[in-house]
Amino acid sequence: MGASQSARTEHEFQDLADRTGFSLEQIGNLNKRFRQLSKNEETLSRQDLASISALDNNPLRAQIINAFFDKRNLRQNEAGTVQVIGFEEFLMVMSHFRPAAMHITEEEREKLRREKLRFVFNMHDTDSDGTITLEEYRRAVEELLSKAGTIGQETAKAIADAAMLEVASTTRGKMEPDEFYEGITFENFLQILKTFDIETRMHVRFLNMDTATMRCGK
Amino acid sequence: MIYDRVTIKLLEGLCHKPPKFQNGVKIVLLLLLYQMKLAVNFLTIGLVILSLPCGSYTEIPPKPPGSVTVLPPVKPAGGPQAFPDAENSNLPVFTMDYARIQVPFEVTLWVLLASFAKIGFHVYHKITFWVPESCLLISIGLIVGAIMHSVHEEPPAVLSYNVFFLFMLPPIVLESGYFMPTRPFFENVGTVLWFAVVGTLWNSIGIGMSLYAVCQIEAFEVQDINLQENMLFAAIISAVDPVAVLSVFEDVSVNEQLYIVVFGECLFNDAVTVVLYNMFIFVADMPVVEPVDVFLGVARFFVVGLGGMGFGVIFGFVASFTTRFTSNVREIEPLFIFMYSYLAYLVAELFSISSIMAIVTCALTMKYYVEENVSQRSCTTIRHVVKMLGTISETLIFFFLGVVTITTEHEWNWGYIMFTLLLALVWRGLGVLVLTQIINPFRTIPFNFKDQFILGYGGLRGAISFALVFTLPDSIGRKKLFVTTTICMIMFTVFIQGISIRPLIEFINVRRTNRNLETINVEIHSRLIEHTIAGVEDLCGQWSHYYWKDKFLKFNNRILRKILIRDNRAESSIVALYKKLELQNAMEILDTVSGDINAGSSIVSLQYVYPLCPSSSCSFSLSLSLSLSLSLSLSLSLSFAFSLACSPSLSFSLSVSHSLAPSLACSLSLSLSLSLSLALSCSLSLILLLSLSLALPLLLALSLSHSLALSFALSLSLSLPLSLSLSLSLSLSLSLSLCTNDTHTLWPCPSLCVSLCPPCCLSYTSLHLIHPSSLTHYPFNLNRSDGYLSNTSRRVGIWSIYQG
């Protein structure tokens, strides 16, 4: 890469840093990783991510990979998925996992919470209709429990049902006999996870050092 | 007392009295309960007075650790004597030998006294809310100490070195180790160790140096305390005490991070305290300190710390391995836990390494594997006994702190004491500030200033410091001054800091974590987020502690679980939580009705009642009862619940008595039941329930005799649902009833009732409980536990469960 190339990337990185909030070193590291995964291409496709061997044991593998290609996570207010993503989109999805800064105001904290919870919500809501229906929740729980030993499908279903019931009772209270609970909306989702301190738990500590080369293999 | 012929029917709701009975039952039981409360208070005072002339333990000089102290029985002066031998050699009818039972008797009385004090505090809820129990116990101890001092009695040597460290401390530390929340602990282990080790060192050295500087001031007349003695004293009082901290922090709720750091710090600073204490004792005798000694001290610290943890882990694994094979000796399973942890403690004491760390690590390691191997009952027993022993120890320790405060000799020195208090506070505050600044960048959730304040303010000192200072060798000239200063320090921190910490936490609005709320959704999402983070980290190619956690979990699943657990199917925590919540719900339902598990069954029950009444005219009655009830149950969870329920039931009964004078009685019974139930669920369609319920049915029997009876029944019932639609229940109940007869006396009448109830109308009732429309959308499987329905007489709505 020539000097002009690196100057351009410097400028780009600065731009990205401003937009996503990462530091320059972090962006540099992530860029290296991106190049490694995409085999030096400009864009990343699903197969590239699927080929990471370390992800094989993760029960949520498919959902995580899908999350990267979900348009809703890319700050575009439309539904659907893309086939390939560029580095900028990669960073955007990653920015959902940034830790909270030490001194932020209450509103910023709230905003951060909403953002992270929105990510999780999108992971569940596969048909992008804005609610998590029973079927979707069931699928999520089954995936989650799939690697956890000999759990029957019935149990997973029952757990998802119980969870749904819990949401219904917390958000709706006493329901009339004719009412039908259609699904968890985003507001309900926020409500049931009120006690869950997601802003502190959902973060990846993006290092400033380059650790990608310290691990052998991907 | 004349027992008339009586037929007492049990919780079925009917009590048939022969015509001779009259009205006049008082609601004695409520009165009895009320009187019990008063009696407790009287008993407390009575016990105090009783224990005074009972002699005392003699003060045993501290023996080298490792030997068990045996207290010789002491014949009390002026105590009750056995009857003097008569001049002739007749057989004495009544003898008394106090000396023989003296030691256990006094131990029991002291424990009871302290426990009664604890009961007494809870009579007024407001007190225990604002004043932590430790303060109240110390106050009572002070009073008792004053009484003992005024009659010139010596208190038992509970806070002597051996008794304290070998018997009083292990239960408390075991309790804290066993109930330590593991996940937050391991996430914060770096911070915990940082504060424990570096923090304690900082405090000791800082306080020691400053006290030495203070000693140089002539006005305080303490110039004879040299540097080594000051450092020794500083090492003793700078350690944060687990007993005091736990008793205060248990009631206040702070955020999880803060709690675990304070909690962990007070347990793990023992290593540093042990090393510093031994080092300075050793050094205090020597005239010159060489640099090599400091280096040796550091080496010793590693031996002590790592050795303690190593022993703990080894014993933990051995204990887990042992419990793998105990499936046929379930009764003694809890024993292994206690013996192995105590062994870990003693072996660590043997080598003079940190015994507290050993027992804590042993409990941490053991808990996870053992709880999968032992039966549910053993698990409950273990938890309960651990808590009980810990509470007793803690109660006794605070109590005796109060007692000993009065009875030891003091030497007061305003300057030294005031400066110690001040310096301790200052250095702790500084220490917390500096250390947090250093470690915050490494933490995922940094501590803000409010957290730091509570961290510093929550550093309470307690009985460990006292025990250590009490056993200082007498070669230290100013030992009494040290004792007095330590006591002042403890009183100050426990009273002032302990009482004020709750309002302060509310005032400065520290971040709280609601520890009690466990919902399935939160659990599901916790796991989800963890997996997501692990996945994203893999994607980024980065390491973090999730990586290590993942690695450890894999190692655990592949190797450790296979060796240490009998049935090593892995179970997700979500499923475990789900099962637990299910059982809880089931228990709640059962407990709202189970008090009258025999009362009001929905079927015809055939009962044979043979009252074992010691009367000349026993009556024999066969009664048939038909009662109408609507029932429902929902279960499949394992829990232990305690509930108070009220359930009306209507029952008819026909009884035939000895005198062959049949009478028909209709009774409306209102039963108030207090039940304790334990349910064990084996599979989806077979449920075994064992419940013990204590019921107080208040019966209004509109019988021909217009008599009222109060019956107190203890019933044990076993019900076995055989399939979804058929269940058979066998219940055995023993009841003790208080009834009146025409002479207006109350007498107990035990009776045994065996009833066999086939079921009816199960499927119908279950449908009522869920909104019909929601059935189609949430086919939540309620029918699994239909077997209970025959025994319940209450309709419980599903929504009310989840809203409750």
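Cβ atoms are placed via backbone N, Cα and C, with glycine included.
As recorded in TrEMBL:
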DOMAIN    B:112-505  domain 'Cation/H+ exchanger transmembrane'
TRANSMEM  B:27-50  transmembrane segment
TRANSMEM  B:127-147  transmembrane segment
TRANSMEM  B:159-180  transmembrane segment
TRANSMEM  B:227-246  transmembrane segment
TRANSMEM  B:258-282  transmembrane segment
TRANSMEM  B:294-322  transmembrane segment
TRANSMEM  B:385-408  transmembrane segment
TRANSMEM  B:414-440  transmembrane segment
TRANSMEM  B:452-470  transmembrane segment
TRANSMEM  B:482-505  transmembrane segment
TRANSMEM  B:630-654  transmembrane segment
TRANSMEM  B:674-701  transmembrane segment
Same-chain residues at least 6 beyond the ends of the transmembrane segment (B:385-408) whose Cβ lies under 8 Å from its Cβ atoms: 110-111, 113-115, 117-118, 133-134, 137-146, 148-149, 154-156, 158-159, 164, 168-169, 171-172, 174-176, 178-179, 243, 246-247, 334, 337-338, 462-463, 466, 470, 483, 487, 490-491
Outside the transmembrane segment (B:227-246), six or more residues from its ends: residues with CB under 8 Å to it: 134, 172-173, 176, 200, 203-209, 211-212, 215, 262-263, 265-267, 269-270, 272-273, 276-277, 280-281, 283-284, 289, 356, 394, 397-398, 420, 424, 427-428, 458-465, 468-469, 472, 476, 478, 482, 485-486, 489-490, 493-494, 498
Positions whose Cβ lies under 8 angstroms from the transmembrane segment (B:127-147), at least six residues beyond its ends: 48, 52, 113-114, 117-118, 121, 155, 243-244, 247-248, 251, 394-395, 398-407, 462, 491, 494-495, 498-499, 502
Contact set, same chain, for the transmembrane segment (B:414-440): CB under 8 Å, 6 or more residues outside the stretch: 190-191, 194-195, 198-199, 202-203, 206-207, 210-211, 214-215, 217, 219-222, 237-238, 446-447, 452, 455-456, 459, 461, 481, 484-485, 488-489, 492
Positions on the same chain near the transmembrane segment (B:258-282), where near means CB under 8 A and six or more residues out: 173, 176-177, 180-181, 184-185, 188-189, 191-193, 195-197, 199-201, 204, 228, 231-232, 235-236, 239-242, 245-246, 249, 293, 297, 300-301, 304-305, 308, 352-357, 360, 447, 451, 454-455, 458, 464, 468, 472-473, 510-511, 513
